[in-house]
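Accompanying notes for the structure given below.
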Amino acid sequence: MRPNNRPVDQTRPVKITRNYTRYAEGSVLVEFGETKVLCNATVEETVPRFLKGQQQGWVTAEYGMLPRATHSRTQREAAKGKQGGRTMEIQRLIARSLRAVVDLKALGERTITVDCDVIQADGGTRTASITGACVALHDAINKLIADGLLKENPMKGLVAAISVGIVDGQAVCDLEYVEDSNAETDMNVVMVEDGRLVEVQGTAEGEPFSHMELLQLLDLAQKGIEQLFEAQRQALNATSDAIR
């Protein structure tokens with residue numbers, strides 16, 4: 001039996017709150033159940049040196065966890081003096097996922113950085129980050145259009161991500177921490193709206209998984225991500241504004 005008696009193909013309750021903080025061009029609090037991530041998108045009128053003169057922009061991301069985002073305090077990476085390998089892997093994944101839905105030429109010579117800060121972690125922090133960051137990026141780009149800095153929308157659609165896995169021999173969608181820590185197979189899937197895949201990260205933690213199980217997990221991921229796309233669309237169509 002899953003936590004909260006969830007069906008195997010159902011995501012946790014998903015909540016996306018736009019305009020969560022005051023200063024960022026795009027700001028979203030995304031919640032996958034008890035996992036909560038703040039995603040802030042910042043626009044800078046410059047590009048990395050390797051793109052100077054290339055007539056295109058850049059989208060990148062940074063990721064971090066607050067010290068008490070987990071059950072016990074974790075030292076800030078700034079205090080350690082360097083980022084961990086997991087952090088660098090996740091922020092690169094977020095950035096690649098966002099670039100998959102942006103026409104960098106149409107963005108112009110500017111950079112959008114999305115900072116994803118995990119407030120509370122209960123599994124799926126990277127997938128929640130991607131899903132929330134997409135909405136924050138959308139809002140930042142819309143501000144550029146509203147301010148007359150862009151003539152056309154460089155965003156080609158939505159991107160979202162979800163975790164799937166095999167727990168106690170059962171394929172399940174959107175794993176909570178207690179499931180993730182006991183999964184025989186753990187997989188993260190990133191997808192755009194037309195069903196094409198951006199990235200698949202899958203690992204057998206114990207028993208290897210079969211080709212048939214891989215296809216089953218991908219089908220389960222697609223069904224879960226469709227639920228996330230719907231949550232994104234609802235948030236973007238709403239007049240949600242957390243700032244008063």
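Quick reminder: no glycine exception, Cβ is built from N, Cα and C everywhere.
A quick note: this is a predicted structure, and the numbers were derived from the prediction, not measured.
Feature list (source: Swiss-Prot):
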BINDING   ARG86, GLY124, THR125, ARG126  phosphate binding site
Shell of the phosphate site beyond ARG86, GLY124, THR125, ARG126, same chain only (C-beta within 8 angstroms of their C-beta centre)
TYR63, ILE90, VAL118, ALA121, GLY123, THR127, ALA128, SER129, ASN188
Any idea which of the binding-site residues ARG86, ARG126 has the thinnest Cβ neighbourhood at 10 Å?
ARG86
Which residues, sitting 6 or more apart from GLY124 (phosphate binding site) on the same chain, put a CB under 8 Å from its CB?
PHE32, THR35, ILE162, SER163, ASP174, LEU175, GLU176, ASP180
Does anything in the same chain, at least 6 positions from THR125 (phosphate binding site), have a Cβ under 8 Å from its Cβ, and if so what?
THR35, VAL37, MET65, ILE90, VAL118
Per DSSP (helix/strand/coil reduction), GLY124 (phosphate binding site) sits in coil
Helix, strand or coil at ARG86 (phosphate binding site), per DSSP?
helix
